[in-house]
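K.L.:
The feature NAD(+) binding site is assigned by TrEMBL to 14, 20, 21, 95, 167, 196, 197, 198, 199, 200. Residues or ranges marked as substrate binding site in TrEMBL: 98. Residues annotated as active site, proton acceptor in TrEMBL: 150, 160.
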Ligand code: NAD
């Protein structure tokens, strides 16, 4: 039986360890036959990903890229282009960062530096990576970009603070990028994941209480897994989603539809 992603060349960013949402995406993409490349930040992550790939007997190059640096982004896509013979069918943007002390207490206390930092790492990285990826996706006659967002972009989630505001900007960027890149048949979408216990999430004060609330009140009465988020990322990267762009798709066991919870 033909696999959904056979012949598709996909870059996965943001795998920090086996709990990362991006790892859920990589596993789903691999299952459906995609050719993968990974980008990581720093030696420790490279070591983690190398080990994961060995355990899974998955052969794929790992490139280093600190996405706060334009030159490193350009170098990354140059390497990716070389690896995939000048073309790329899609990439997963699974990158976000805010200072831990901005992820507790009142939003009103957000510092100017903390505001700029959260937006630079969590939003601008998508914009800049999309720009660097564009020629490779044009060479592939189209492509698909998927980023990760969270409900705190449109509702007030205690302690999520500046990251919620950054996710709102990220979702707006998805729409603007989708409009820019649509004529090139490049689609841009976001997956809004329910809370999952990852390293990035552990920086948010009261995160365990968020998980409990989801288990008690989401229609499916449970939390979402990285495998389930990965399957929706796979869908958006695949030809099944060929007419879907500029969207935010919730994968949160239905939590976002509830009223007062
Ligand atoms: P994670 O800690 O496993 O992954 C975050 C990744 O961001 C790491 O790999 C880290 O290296 C990368 N990163 C941060 N700054 C970077 C930079 N300058 N350059 C390159 N990479 C950088 O956590 P995760 O929860 O898997 O996070 C992935 C995405 O999912 C984030 O955008 C996060 O906001 C989003 N998300 C997470 C949840 C959740 O509950 N875990 C829910 C919704 C959305």
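Here the Cβ of each residue, glycine as well, is placed from N, Cα and C on the backbone.
Caution: TrEMBL annotation is automatic and unverified by curators.
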K.L.:
Please tell me which one of the recorded positions listed here (98, 150, 160) sits closest to residue 21 (NAD(+) binding site), measuring Cα to Cα?
P.N.:
150
K.L.:
Using a Cβ-Cβ cut-off under 8 angstroms and a sequence gap of six or more, which residues of the chain neighbour residue 14 (NAD(+) binding site)?
P.N.:
20, 21, 22, 92, 93, 94, 95, 148
K.L.:
Do any of 98, 167, 197 (binding-site residues) have a CA within 10 A of residue 150 (active site, proton acceptor), and if so which?
P.N.:
167
K.L.:
What span in Å does the NAD(+) site cover, taken as the longest CA to CA distance among 14, 20, 21, 95, 167, 196, 197, 198, 199, 200?
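P.N.:
Binding-site diameter by Cα atoms for NAD(+): 18 Å.
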K.L.:
In sequence order, which residues at least six apart in the same chain have a CB under 8 Å from the CB of residue 167 (NAD(+) binding site)?
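P.N.:
The answer is 122, 149, 150, 152, 153.
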K.L.:
Out of the recorded positions I have (14, 98, 160, 167, 197), which ones have their Cβ sitting under 6 Å from ligand 1?
P.N.:
14
K.L.:
What's the CA-CA gap between residue 199 (NAD(+) binding site) and the residue listed as 'substrate binding site' in angstrom, rounded?
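P.N.:
Checking the Cα atoms of residue 199 (NAD(+) binding site) and the residue listed as 'substrate binding site' gives a distance of 12 Å.
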K.L.:
Give me the Cα-Cα distance between residue 160 (active site, proton acceptor) and residue 98 (substrate binding site), rounded to a whole Å.
P.N.:
10
K.L.:
To the nearest whole angstrom, state the Cα distance for the pair the residue listed as 'substrate binding site' and residue 197 (NAD(+) binding site).
P.N.:
17
K.L.:
Using a Cβ cut-off under 8 Å and a sequence separation of 6 or more, which residues in the same chain sit near residue 197 (NAD(+) binding site)?
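P.N.:
Listed in sequence order: 19, 207, 211.
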K.L.:
Per DSSP, to which secondary structure element type does residue 167 (NAD(+) binding site) belong, with helix, strand and coil as the options?
P.N.:
helix
